[in-house]
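Database features, via Swiss-Prot:
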- 92: active site, proton acceptor (ACT_SITE)
- 267: active site, nucleophile (ACT_SITE)
- 92, 93, 94, 95, 96, 146, 190, 217: substrate binding site (BINDING)
- 310, 312, 315, 341: Zn(2+) binding site (BINDING)
- 248-254: region 'RNA binding' (REGION)
- 272-276: region 'RNA binding' (REGION)
């Protein structure tokens, strides 16, 4: 993997424009990665994902390991061939899914024992096993196995958790090397909401050495203000010559705020999940903060496109009234068209951000973005 930093935005912002060169292609940053948990982005054919402009998607190590299993995916030569996607794939390590199991899991120094959510069988996942699974999947970007610190957590709990993740991180690097993998391996910064612990985690990861660095342990129930605080005091300390990835975040404004603080990569289920629930992201609509809730009665006879500024297949061919009809009837096509639009909205957002950085107009872009949504630009408190 190679990361090339092309430009940093002018002014006080830390926004960056770059390219991540990976085994299956290049990723233009800042980038948003659609989530394909089970080897598919819900409601999307691979050609649809490419058409909306995605350079990279995210797969889920935990779920693909349990079903269909790496033995089956191995027969196809990896996840790319299994799902017919020839561009880059990032896979998470399984740490967040294990975290979400709650009482169903037991964490030790060696790894995590839990009951499979599929059949209740006892399963063990370790840093080494996570690396082996991701090696079988042939992910372009492999994530270290970590413990996602819950929120809230005491200082002692968060410290103990991050130190376990650091030890696991070293084991991940060792196993990654033993496997002879040529794919990139990213470390994950933990430490809950504590500035000193976040810095301790980052320093520990830098000593181990990774190809890129991710900010984990956010979007786990904390107030947005605390999430932004973490970004304010950690993002700029991350190496300038490595990709910076904010995991599991989020709303369009969260992406903009992450970019303002120097983040390069994002993923979240929000655009696809919200699409299935009839919530569509649009460029304007200041009265509704950039969201059309298609179930509202006002759209029942609306002849206009979902988003007049959008070039996606949905907006170019269908009215809000038709989308309202499909949603009310619970037709599969409605969810598919909604997903196409929401993911295209996110990709257009990132493209517009990249263009604005290149043209030294990022501050103007930010002002216009919030103005169209009827929102004020949040303060930037970089430390």
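Glycine is treated like the rest: Cβ placed from N, Cα and C.
Since we're looking at a predicted model, the values are computed, not measured.
Structural mapping of features recorded in Swiss-Prot.
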{"residue": "92", "record": "active site, proton acceptor", "contacts (Cβ under 8 Å, 6+ apart)": "58, 59, 60, 61, 62, 143, 247"}
{"residue": "93", "record": "substrate binding site", "contacts (Cβ under 8 Å, 6+ apart)": "61, 130, 134, 142, 143, 144, 145, 146, 172, 188"}
{"residue": "94", "record": "substrate binding site", "contacts (Cβ under 8 Å, 6+ apart)": "60, 61, 62, 65, 125, 130, 133, 145"}
{"residue": "96", "record": "substrate binding site", "contacts (Cβ under 8 Å, 6+ apart)": "148, 216, 247, 248"}
{"residue": "190", "record": "substrate binding site", "contacts (Cβ under 8 Å, 6+ apart)": "146, 147, 148, 149, 158, 161, 162, 165, 197, 198, 201, 216, 217"}
{"residue": "267", "record": "active site, nucleophile", "contacts (Cβ under 8 Å, 6+ apart)": "32, 33, 34, 35, 58, 90, 247, 248"}
{"residue": "310", "record": "Zn(2+) binding site", "contacts (Cβ under 8 Å, 6+ apart)": "282, 283, 341, 344, 345, 348"}
{"residue": "315", "record": "Zn(2+) binding site", "contacts (Cβ under 8 Å, 6+ apart)": "305, 306, 307, 308, 341"}
TODO: Tell me the Cβ neighbour count for residue 217 (substrate binding site), meaning other Cβ atoms within 10 Å of its Cβ, over all protein chains shown.
DONE: 34
Task: Additional residues around Zn(2+), ordered along the sequence, whose Cβ is within 8 Å of the centroid of 310, 312, 315, 341 - done: 305, 306, 307, 311, 313, 314, 316, 340, 344, 345
Task: Fewest Cβ neighbours within 10 Å, where candidates are the binding-site residues 95, 146, 312, 341 - done: 312
- [ ] List the other residues in this chain whose Cβ sits within 8 Å of the Cβ centroid of the substrate site residues 92, 93, 94, 95, 96, 146, 190, 217, in sequence order.
- [x] 98, 99, 143, 144, 145, 147, 148, 165, 188, 216, 247
TODO: Report the DSSP secondary-structure composition of the region 'RNA binding' (272-276) as helix, strand and coil residue counts.
DONE: 5 helix, 0 strand, 0 coil
- [ ] Provide, as an integer number of angstrom, the distance between the C-alpha atoms of residue 312 (Zn(2+) binding site) and residue 95 (substrate binding site).
- [x] 34
- [ ] Tell me the residue counts in helix, strand and coil for the region 'RNA binding' (248-254), as DSSP assigns them.
- [x] 3 helix, 0 strand, 4 coil
